[in-house]
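Q: Take a look at the following structure, please.
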Amino acid sequence: METETSNNTNVEDTTSTTTTATDKPQQQKRKKAIKPYHRIKAHSNPLSDNDFNYPVSPDKMDWSPHYPQFLKDHPEKRVEVADVGCGYGGLTVSLSAALPDQMILGMEIRDKVVQYVDERIVKLREKETDKYQNISVLKTNAMKYLPNYFYKGQLQKIFFLFPDPHFKKANHKRRIISSTLLSEYAYVLAPGGLAYFISDVEELYLWMYKHFAAHPLFEQIEDQQILLSDPCIPLIINSSEEARKVNRIDGKKWYAVFRRITEPRIINKTN
Amino acid sequence: MTTIKKVPISNFASNDQLGLIAYSLNNILRVFNTKTSTFINIDATKQHQEAIKSIEFSKDGTHLITSSNDKTIKVWNTTDLSCINSIDTPKKISSAQLTLDNKSVVIADKAGDVYIYNLDDTKEKLEKDKKDVEDGEEKNLLLGHFSSITDMIFSDCHKYILTADRDEKVRVSKYPHAFDIESFCLGHTQFVSKLLIKNDILLTGSGDGTIKVWKWKDGQLLQSINMFDKIKNEAPEPAAVLTTIPLYISNDRVYVYVEEHSTLFTFKYANNVIDESSFSSIQLESSPLAVQAVDSGNVLLVSLWATTDTTPLVVAIDTAKSVVIPDHSLAKTLNEKTEVPALGDKELKELFDTTLQSQFKKYSGLSERKKIHMENKNKDDQPEAPLKLRKMTTEGAAEVSK
Ligand SMILES: C[S@@+](CC[C@H](N)C(=O)[O-])C[C@H]1O[C@@H](n2cnc3c(N)ncnc32)[C@H](O)[C@@H]1O
């Protein structure tokens with residue numbers, strides 16, 4: 001997490017709270033280079049404080065600071081697309097042009113990352129005032145609070161791009177896809193709405209696939225015609241920062257798309 | 001209140017038709033037959049090992065189901081109180097309910113999951129299923145919250161199952177298709193302590209100090225009553241955290257208990273509305289912890305925490321007049337005839353600490369909303385135990401902006 005640490009004045013503290021398994025080799029490097037060169041900005045975004053306070057219910061959510069221009073032009077619109085665990089926002093940003101009529105929300109749990117995406121959107125809007133009005137980001141734990149933000153059936157699309165793998169068996173419960181969480185995703189998705197997921201970790205992809213395939217309210221879209229004509233497919237493969245990282249090392253990626261259905265599928269559980 | 005003098009009655013259940021009152025003292029289940037005025041004998045070797053957490057009659061009255069801190073569920077036949085089934089569960093139990101056909105038991109646990117077990121299954125099959133659960137197979141998993149479950153009930157029609165959690169939410173799922181969420185009841189700002197259902201109406205209590213009335217099927221909040229406001233004149237120093245617990249809803253009355261108050265609060269309730277102006281309180285010798293209506297709802301039995309040697313286990317309340325009935329015969333019999341398990345001071349304190357209500361304290365301390373407020377300035381705060389996250393770079397972002 002290069003950006004996070006370099007942005008932080010208290011490097012050692014950060015490492016101790018956010019160190020990850022994959023970060024280990026870097027830890028030593030960081031210890032030597034405790035040279036804070038960049039003070040945390042008193043956040044440029046007045047939203048962040050509100051974001052800490054997730055709304056009690058969707059009724060209580062004020063979206064206008066997130067989409068000031070877009071909502072002025074289309075006051076009847078609601079968020080219809082969620083990029084769950086949006087990271088540095090590559091997908092969220094590129095969806096803006098791909099789905100110009102829809103409000104798109106990146107959801108991310110890490111503060112610094114949210115701040116980064118937020119500044120990124122602010123800059124993009126400054127550069128091209130008529131664009132990027134339909135995207136925003138907020139800090140939240142998507143595994144807990146989706147029903148606080150969205151009504152039943154509000155979303156048309158939900159994206160899970162390169163989620164954290166949580167390899168250890170004991171931590172599988174923390175994976176962003178599980179049979180019980182899928183019920184919540186089905187709740188926020190409109191009938192016919194789509195869930196996209198992609199990973200470069202085969203084990204995680206198979207896990208996600210298995211859980212979607214086993215959920216009676218989701219049905220895989222296998223028709224290549226449909227997939228080929230979906231403008232979101234190239235974006236999930238190449239637009240996010242993780243996707244680009246995988247591209248650079250020529251890694252493999254696996255993805256699938258499932259549709260939210262209303263009549264539960266009958267699933268034969270073996271045994 | 002930290003010292004108690006004897007083991008209280010912590011759970012009640014009754015079935016008017018059968019004339020049975022079931023209740024528990026610590027780990028011991030007792031069943032009293034009001035028709036014969038005798039206790040039904042229960043095989044001592046079949047009793048739970050640790051404090052009983054819930055007692056419930058099946059809808060048809062043929063079965064009784066108990067859950068306990070010893071992580072077992074027991075199903076009893078109400079004709080002779082023989083123990084039909086005893087199921088070990090892997091996690092601490094929040095609530096256990098029988099399905100309408102009495103063939104399965106639905107168990108909500110503190111890890112946030114709800115499992116369903118078929119009672120006809122052999123012990124071996126249950127063991128195997130449980131092992132599969134540990135292996136991530138989740139065969140008997142009905143639904144799950146990403147939070148501790150505090151209470152679970154079926155709707156009267158048994159076509160829905162309602163679950164409440166530490167994170168303020170009440171979820172309404174279809175039953176048996178629990179993967180299909182019907183609605184959420186969102187409005188509490190602290191853990192939900194208790195669910196009470198009456199046809200289309202749900203009553204909830206919470207650590208936020210309110211009682212809320214919902215049309216649960218569409219998650220619509222009808223009414224919210226702030227108990228802070230109601231009791232601020234009574235209590236010299238209302239606690240910072242109030243846990244409200246709706247205890248009973250009859251045709252024309254709602255009873256509410258506020259943790260650590262020696263009072264039972266009551267409102268008139270008609271046409272799905274709580275009449276706030278009808279608020280009244282019934283002063284008791286000590287804090288109540290369980291109630292049960294008997295005698296077609298004319299009498300409410302209320303169990304008390306014994307703070308003195310002479311505190312009765314149970315008092316009876318006249319529901320028409322909202323007053324304690326001094327020498328109610330049933331209450332008197334229960335007080336005189338109930339054998340109270342002897343526990344030392346230390347064990348009594350432990351019992352107090354592990355009893356449902358006081359456990360909520362832990363929840364209020366953990367409330368995310370509160371934590372978020374407190375640590376607002378600590379920008380690197382993670383809401384959960386450290387998450388193992390992938391390393392990411394912004395190089396891609398640089399490419400995009402080029
Ligand atoms: C490996 S990154 C992928 C980021 C991005 N989707 C991409 O493709 O570049 C996973 C992201 O999910 C975020 N995340 C993990 N758990 C989350 C949760 N419960 N709610 C919201 N975001 C979460 C992490 O902070 C991290 O930024």
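The backbone N, Cα and C atoms fix where each Cβ goes, and this holds for glycine too.
Curation plays no part in TrEMBL annotations; they are all automatic predictions.
Found this in TrEMBL, in case it helps:
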ACT_SITE  A:Asp164  active site
BINDING   A:Gly85, A:Glu108, A:Ile109, A:Asn141, A:Ala142, A:Leu161, A:Ser240, A:Glu241, A:Glu242  S-adenosyl-L-methionine binding site
COMPBIAS  A:1-23  compositional bias 'Low complexity'
COMPBIAS  A:27-42  compositional bias 'Basic residues'
REGION    A:1-51  region 'Disordered'
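In the displayed structure, how are the listed features positioned relative to their neighbours?
A: Sequence-distant neighbours of A:Asp164 (active site) (same chain, 6+ residues apart, CB-CB distance under 8 A): A:Gly85, A:Arg174, A:Arg175, A:Ile176. In the three-state DSSP classification, A:Asp164 (active site) falls within coil.
Cβ neighbour count for A:Ala142 (S-adenosyl-L-methionine binding site) (all protein chains, 10 Å cutoff from its Cβ): 22.
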Q: Sort A:Glu242 (S-adenosyl-L-methionine binding site) into helix, strand or coil using the DSSP assignment.
A: helix
Q: Out of the recorded positions A:Gly85, A:Ala142, A:Asp164, A:Ser240, A:Glu242, which are near chain B, with a C-beta less than 8 A away from one of its C-betas?
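A: Listed recorded positions passing the 8 Å Cβ cut to B: A:Asp164, A:Ser240, A:Glu242.
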